[in-house]
Amino acid sequence: MSTTKTIVVLPGDHVGTEITEEATKVLNAIAEKRPNIKFDFQHHLIGGAAIDATGVPLPDEALEASKKADAVLLGAVGGPKWGTGDVRPEQGLLKIRKELGLYANLRPCNFAFDSLLDMSPLKPEYARGTDFTVVRELVCGIYFGKRKEDTGDGVTWDSEQYSVPEVQRITRMAASLALQHNPPLPIWSLDKANVLASSRLWRKTVEETIKNEFPTLSVQHQLIDSAAMILVKNPTKLNGLVITSNMFGDIISDEASVIPGSLGLLPSASLASPPDTNKAFGLYEPCHGSAPDLPKGKVNPVATILSVAMMLKLSLDMVEEGIAVEKAVRKVIDNGIRTADLRGTNSTTEVGDAIAAAVKEFL
């Protein structure tokens, strides 16, 4: 039986076009090998490119197409050209997350490639075995709270607000992911409950939700500043699922991203529901930014291609194909086909071509 999956592609700015081209190349390789699978790619604008063309960072047609799609693939947004004015590329990203209800951001941090252990800033004996996923609440908290800009009085403020249902929702996401493993993965919850009222509600709600709804699971609470130290000193201690608020998740996942040695390796998924049936709606993007200073052909496409692997497994119910993509990436990197960030000499397209060819070998 033939199946067609609609994927909205939002290249965004600078390297975004290059990396999404390589990611769709890999999906096309899957379709070539599996004639019953078809992908309908719909390209739209977001970020600075959208501002230049339409005056807004997220055109209505891009948002509406995304709402109707099976999944969304995003490149990267932003750059110095658009500065910090009233209309900014990043506003498009915040809006699409909110409008699509993408409340959970998943950022894996692991060493799938032992051949890259020497790339980590940590000694191999500390980096080896690191395997956790940050589950970041994405559409609430201080980034979406009430704020006051400086109106000339020299005073500004931002506010963080969380409700019990919002914390329950992200806790259930982490629990769902933990239960997909046998034995279930441990859960860490990061907060600042010794200082912040919002964190005290967070900790209480996480604890009660796990206890009442998922009694077979365990959760351990850690203060965010302590967790940041653990991440450098002994990152494997956090193995499992790491659940935290929007701002804390933003910071801790960026810190975690340097452990594997390059941002060009790290994928992410933003989901609107738990992937219990591998059909959760989601937006997929690399963890790195738009890299406006990087020459053409130098960006590493692996993070975006691994984001596609997550898409296949979590949103498109194509787990076998997703695993094939992961195996293909591992083979290509182990064979030394790498971009400059991994001390290689290959171009963006050469890495993408090699992965697309390798995918066919594993299907």
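FYI, residue positions are counted from 1 along the chain as it appears here.
The backbone N, Cα and C atoms fix where each Cβ goes, glycine too.
Summary of the site annotation: Swiss-Prot records substrate binding at Arg97, Arg107, Asp225. Screening the candidates Arg128, Arg136, Arg200, Arg203 against this entry identifies Arg136 as the one listed for that site. Checking each of the recorded positions (Gly79, Gly85, Tyr143, Asp250, Asp254, Gly289) against Arg136 (substrate binding site), the C-alpha distance stays within 10 Å for Asp250.
For the recorded site, Arg107 (substrate binding site), the DSSP three-state label reads strand.
A separation of roughly 29 Å, to the nearest angstrom, links the Cα atoms of Arg97 (substrate binding site) and Pro295 (NAD(+) binding site).
Taking the Cα atom of each, Tyr143 (site 'Important for catalysis') and Gly289 (NAD(+) binding site) are about 18 angstrom apart. Residues within less than 8 Å, Cβ to Cβ, of Pro292 (NAD(+) binding site) and separated from it by at least 6 positions along the same chain comprise Asp13, His14, Gly79, Pro80, Lys81. Look at Arg136 (substrate binding site): DSSP puts it in a strand.
Each of the recorded positions Arg88, Arg97, Arg107, Arg136, Lys192 was ranked by the number of other C-beta atoms within 10 Å, and first place falls to Arg136.
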